[in-house]
Amino acid sequence: MASHIVGYPRMGPKRELKFALESFWDGKSTAEDLKKVSADLRSSIWKQMADAGIKYIPSNTFSYYDQVLDTTAMLGAVPPRYGWTGGEIEFDVYFSMARGNASVPAMEMTKWFDTNYHFIVPELGPEVNFSYASHKAVLEYKEAKALGVDTVPVLVGPVSYLLLSKQAKGVDKSFDLLSLLPKILPIYKEVVAELKEAGASWIQFDEPLLVMDLESHKLQAFSAAYADLESTLSGLNVVVETYFADVTAEAYKTLISLKGVTGYGFDLVRGTKTLDLVKAEFPSGKYLFAGVVDGRNIWANDLAASLATLEALEGVVGKDKLVVSTSCSFLHTAVDLINETKLDDEIKSWLAFAAQKVLEVNALAKALSGQKDEAFFSANAAALASRKSSPRVTNEAVQKAATALKGSDHRRATTVSSRLDAQQKKLNLPILPTTTIGSFPQTVELRRVRREYKAKKISEEEYVKAIKEEISKVVKLQEELDIDVLVHGEPERNDMVEYFGEQLSGFAFSANGWVQSYGSRCVKPPIIYGDVSRPNPMTVFWSSMAQSMTARPMKGMLTGPVTILNWSFVRNDQPRHETCYQIALAIKNEVEDLEKAGINVIQIDEAALREGLPLRKSEHDFYLKWAVHSFRITNVGVQDTTQIHTHMCYSNFNDIIHSIIDMDADVITIENSRSDEKLLSVFREGVKYGAGIGPGVYDIHSPRIPPTEELADRIRKMLAVLESNVLWVNPDCGLKTRKYGEVNPALSNMVAAAKQLRQELASAK
């Protein structure tokens with residue numbers, strides 16, 4: 001019985017690729033050094049899979065930055081601003097597209113479906129001259145072959161590539177990107193022909209767009225593309241891989257009738273309805289790549305349940321045509337549990353990172369072919385049983401409190417406009433009040449203090465003294481700049497989710513559970529393994545200390561429940577919304593303690609609320625309902641005079657604006673500076689938003705210092721669609737990643753712009 005892996009993490013078990021990339025970018029190592037580290041990583045991954053008994057091992061899933069960017073390079077679709085003049089695309093052009101350079105900005109980066117990975121968006125139009133400009137797929141196939149490993153080269157499919165693209169600057173938004181299919185297919189044919197010549201017998205096209213809600217003309221593009229490729233693909237086995245959700249009945253019909261295709265890959269972890277489609281109709285003689293091992297989480301597979309699913313499928317597709325596979329690439333999970341020496345043994349026994357998941361895939365394939373490893377299956381069953389019965393997982397008080405939430409929608413008793421009046425009487429803020437989003441620059445010295453405290457190299461007393469000095473510096477700076485509502489700067493926090501997770505029960509943390517977010521940037525999601533509660537106050541000590549240093553309002557700073565959920569590895573033994581409600585109750589306790597401590601402005605960040613939106617429109621309402629409800633739970637009990645802020649980190653709100661209004665926050669600040677018009681257009685079209693709103697006036701992701709007049713002009717544009725009594729003036733995000741040399745003048749200009757507009761408004765009366 002055959003086994004298959006859709007894709008594997010690239011960073012290496014100890015983030016070797018990250019450090020090699022950053023060393024190369026900083027000019028501390030050569031291109032050859034980077035290539036050597038990368039070749040060693042690829043070789044160890046291929047050998048690991050071969051040794052584990054995997055039959056269909058992927059190649060070309062490694063990337064120096066991103067697989068969609070690799071496809072852009074393969075097709076020679078380099079935007080003109082990068083000055084590429086043809087020939088094989090090398091690191092200089094490749095990394096300029098990914099990261100920008102001294103003279104030109106990077107290409108846009110956006111989220112890969114509903115994961116926390118980001119891809120580089122192709123910029124296309126009728127003028128693009130496509131040409132075969134990166135032979136990476138063929139070179140990596142040959143590289144593996146030279147090591148004695150026959151692999152399945154993986155390409156981003158042609159239709160998904162075009163549907164993931166955007167119209168280049170200056171190209172009309174009505175331009176149909178799919179009209180470029182006839183221009184890119186000849187290059188795909190060249191790549192396929194070279195792979196065939198190099199000895200490839202299988203090839204994998206990733207077409208994840210098939211899980212989206214697609215109009216019929218888009219589905220027809222798949223049929224047309226593969227019909228065109230059919231003669232080139234003859235003599236090869238071809239698998240078309242989908243992942244992250246169910247395929248619709250229409251997409252399934254399209255997929256199983258594609259010309260030249262031998263097998264189909266499905267996510268059977270998130271795609272439970274797809275299973276019914278397969279059982280109802282599957283083309284005879286074709287292969288089913290059954291994605292039963294979860295590529296997006298870190299829990300051990302329920303091998304007995306997966307085996308039962310696979311045995312049922314055997315009857316449908318035939319024993320020799322069923323391939324045990326993964327739900328998606330392992331890019332979205334951590335690399336190897338072997339490096340977790342500090343994780344609690346019991347919790348560790350419940351987990352499987354990518355390296356362990358490879359073994360699970362192989363164990364299932366062997367069991368199907370009558371060679372079941374009884375010891376492996378028994379150990380798995382014992383781990384699952386221990387997880388189910390462990391007292392660490394279940395907290396009855398939490399379960400009871402969460403159950404009691406049902407039946408109420410947890411709204412504050414009064415309207416937002418009457419609350420804002422009460423808050424204004426208490427806070428006495430000027431018109432167009434200024435604030436920042438929360439974090440201030442994290443200096444090398446500050447990181448050292450935190451690291452030494454964690455390693456017990458300095459005492460708690462020394463740590464508190466150092467953090468107190470930092471808070472005092474940040475408060476003083478904001479007073480000198482004349483900012484109206486202050487923040488403490490978050491010097492005690494390394495990460496906005498980890499900081500809270502470390503103080504909540506039900507969370508565990510890995511040492512090396514890194515997952516690629518984009519380029520060399522990795523994140524280490526907390527693991528939510530059990531019921532969540534708050535044993536002690538988490539932020540009250542620091543917020544109270546900061547408030548005692550100033551007469552101005554000091555914001556309490558919390559991360560919201562939906563963001564904590566969406567940026568964690570979440571337990572899979574209960575629905576996500578139940579876990580979210582538990583986190584909401586823990587945050588509610590904190591909000592109430594901050595209020596008691598005299599904090600009158602409390603910000604509950606929901607940076608990732610939109611990120612959790614399901615891929616299919618039919619599932620949006622249910623998600624938004626519980627996500628928004630979770631937010632309201634956190635602050636339902638506070639007084640009218642306590643002002644609740646929230647912050648959101650993305651530009652495309654238009655489709656969820658009514659849910660944002662339904663959150664019932666008093667003030668919302670938004671990461672908006674890069675897409676001004678997009679957001680303001682919602683309000684221009686007459687959506688009445690009665691609460692305070694602070695669309696970011698400048699982009700903190702850039703070191704550029706915006707001049708006062710530019711900021712004043714931006715505020716004027718906002719005042720054209722928003723009432724002056726609800727508009728706040730703030731940067732678009734936290735300042736953690738910037739330097740003080742950039743932050744001070746930028747904030748100074750921001751305050752000056754707000755004061756200028758106050759004068760203009762006063763003289764216009």
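The backbone N, Cα and C atoms fix where each Cβ goes, glycine too.
Computed from a predicted structure; not experimentally measured.
Record features, source Swiss-Prot:
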- His701: active site, proton donor (ACT_SITE)
- Lys18, Asn116, Asp495, Tyr518, Arg521, Cys522, Trp567: 5-methyltetrahydropteroyltri-L-glutamate binding site (BINDING)
- Ile437, Gly438, Ser439, Glu490, Asp605: L-homocysteine binding site (BINDING)
- Ile437, Gly438, Ser439, Glu490, Asp605: L-methionine binding site (BINDING)
- His647, Cys649, Glu671, Cys733: Zn(2+) 1 binding site (BINDING)
- His658, Asp662: Zn(2+) 2 binding site (BINDING)
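Structure coloured by features recorded in Swiss-Prot.
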residue : record                                                : Cβ neighbours (10 Å)
Lys18   : 5-methyltetrahydropteroyltri-L-glutamate binding site : 18
Asn116  : 5-methyltetrahydropteroyltri-L-glutamate binding site : 18
Ile437  : L-homocysteine binding site                           : 26
Gly438  : L-homocysteine binding site                           : 24
Ser439  : L-homocysteine binding site                           : 22
Glu490  : L-homocysteine binding site                           : 23
Cys649  : Zn(2+) 1 binding site                                 : 21
His658  : Zn(2+) 2 binding site                                 : 10
Asp662  : Zn(2+) 2 binding site                                 : 16
Cys733  : Zn(2+) 1 binding site                                 : 26
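Among the binding-site residues listed (Ser439, Glu490, Cys649, His658, Asp662), Cys649 has its Cα nearest to the Cα of Asn116 (5-methyltetrahydropteroyltri-L-glutamate binding site).
Largest Cα-Cα distance over the residues recorded as binding 5-methyltetrahydropteroyltri-L-glutamate, namely Lys18, Asn116, Asp495, Tyr518, Arg521, Cys522, Trp567, equals 20 Å. Considering only the binding-site residues Gly438, Tyr518, Cys522, the residue whose Cα is spatially closest to the Cα of His658 (Zn(2+) 2 binding site) is Gly438.
Distances between the Cα of Glu671 (Zn(2+) 1 binding site) and those of the binding-site residues Lys18, Ile437, Trp567 are shortest for Ile437. Within 10 Å of the C-beta of Cys522 (5-methyltetrahydropteroyltri-L-glutamate binding site) we count 18 further C-beta atoms, all protein chains included.
Within its own chain, Trp567 (5-methyltetrahydropteroyltri-L-glutamate binding site) has Asn116, Val497, Val523, Pro525, Pro526, Ala608 as residues 6 or more apart in sequence whose C-beta sits under 8 angstroms from its own. The Cβ neighbour count for Asp605 (L-homocysteine binding site), using a 10 Å radius over every protein chain in view, is 24. Here the binding-site residues are Asp495, Glu671; the one with the fewest Cβ atoms within 10 Å of its Cβ is Asp495.
Checking each of the binding-site residues Gly438, Asp605, Cys649, Asp662 against Lys18 (5-methyltetrahydropteroyltri-L-glutamate binding site) by C-alpha distance, the shortest gap belongs to Cys649. When the CA atoms are compared, the binding-site residues lying within 10 A of Gly438 (L-homocysteine binding site) are Cys733, out of the candidates Cys522, Asp662, Cys733.
Counting every protein chain shown, 27 other Cβ atoms lie within 10 Å of the Cβ of His647 (Zn(2+) 1 binding site). Taking only the Cα positions, the spacing between Cys733 (Zn(2+) 1 binding site) and Glu490 (L-homocysteine binding site) is 13 angstrom. Here the CA atom of the residue listed as 'active site, proton donor' lies 17 Å from the CA atom of Asp495 (5-methyltetrahydropteroyltri-L-glutamate binding site). Residues Ile437, Gly438, Ser439, Glu490, Asp605 are recorded as binding L-homocysteine; their most distant pair of Cα atoms lies 13 Å apart. Between the C-alpha atoms of Asp605 (L-homocysteine binding site) and His647 (Zn(2+) 1 binding site), the distance comes to 5 Å.
Annotation note: His658 (Zn(2+) 2 binding site) sits in a helical segment as assigned by DSSP. Excluding Ile437, Gly438, Ser439, Glu490, Asp605, which define the L-methionine site, the same chain contributes Thr436, Val487, Met496, Met557, Gln603, His647, Gly734, Lys736 within 8 Å (Cβ to the Cβ centroid), listed in sequence order.
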